[in-house]
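Undergrad: Before I ask anything, here is the structure I am working with.
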Amino acid sequence: MDGCGTYLDTMRREAPLVQCITNFVAMNVVANVLLAAGASPAMVHDAEESGEFAAIAQALTINMGTPSPRWVEGMEAAARGAAAAGRPWVLDPVAVGATAFRRGLGARLLALKPTVIRGNASEILALAGAETRGKGADSADPVAAAEAAAQRLAESSGAVVAVTGPVDFVTDGRRGIRCANGHPLMPRVTALGCSLTGIVGAFAATRPPFEATAAALAFFGLAGEEAAKTATGPGSFQVAFLDALHTLSPEALDRGARLEAA
């Protein structure tokens, strides 16, 4: 693939409109992360308009963090709208294995053909129908334990699958890439995983999904590394992280991205 900086440069030049159906905890954080990176967020979730809006946006992201029947209607309408308009959409199957309600929702959204699926190891294992030790939205499984399931899920769904953790794994069922960028402070700030899904959507709006997803993970992780250089804890890290997303240059991303073929 081209240098990751090329993907960042394209995303910033095009400033894609990304429709984000995310959870109550994450909404403000996701919007600020996308704005800092150079995209344009729209938090449009109600079924009355979500499907219509998905045809206007350049990408859609759906996060299952706090589902309710009305929000589920909006998710499904948006996914159908994105598919009909040929727009990429990203599924974040938060805690998909935790309850029967979430398992059913995950299966229905998967049937609507996401372009990219981004989750932690336990979520990807559960979505693929494999045994998992996940606890709620947190992963109790290592990324390596989900790599084979991710490949099977990519093959069966046609989606690019990203398993995120200390070292991320991305596959389209044929190819694989690992990304080692990131910092231990990142999981100490709520909604950064949800925000990563938004960034993947922004990158996938402008470039092919496999390469765009890998570049998005490297960008997000490297911004975390840069933010940690000045942060003294999770609070200052969150502010520094937004600044790093805004200031990180394509050239710096090319130098700092730690990607390798898997």
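Placed from the backbone N, Cα and C atoms, the Cβ positions cover glycine too.
Since we're looking at a predicted model, the values are computed, not measured.
According to Swiss-Prot, the protein carries these features:
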type: BINDING; residues: M43, A191; note: substrate binding site
type: BINDING; residues: R118, T164; note: ATP binding site
Undergrad: I'd like to know which of these binding-site residues, M43, A191, is least surrounded, judged by other CB atoms within 10 A.
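TA: Counting other Cβ atoms within 10 Å of each of the binding-site residues M43, A191, the minimum falls on M43.
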Undergrad: Compute the C-alpha separation of R118 (ATP binding site) from A191 (substrate binding site), stating it in Å without decimals.
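TA: On Cα coordinates alone, these residues lie 14 Å apart.
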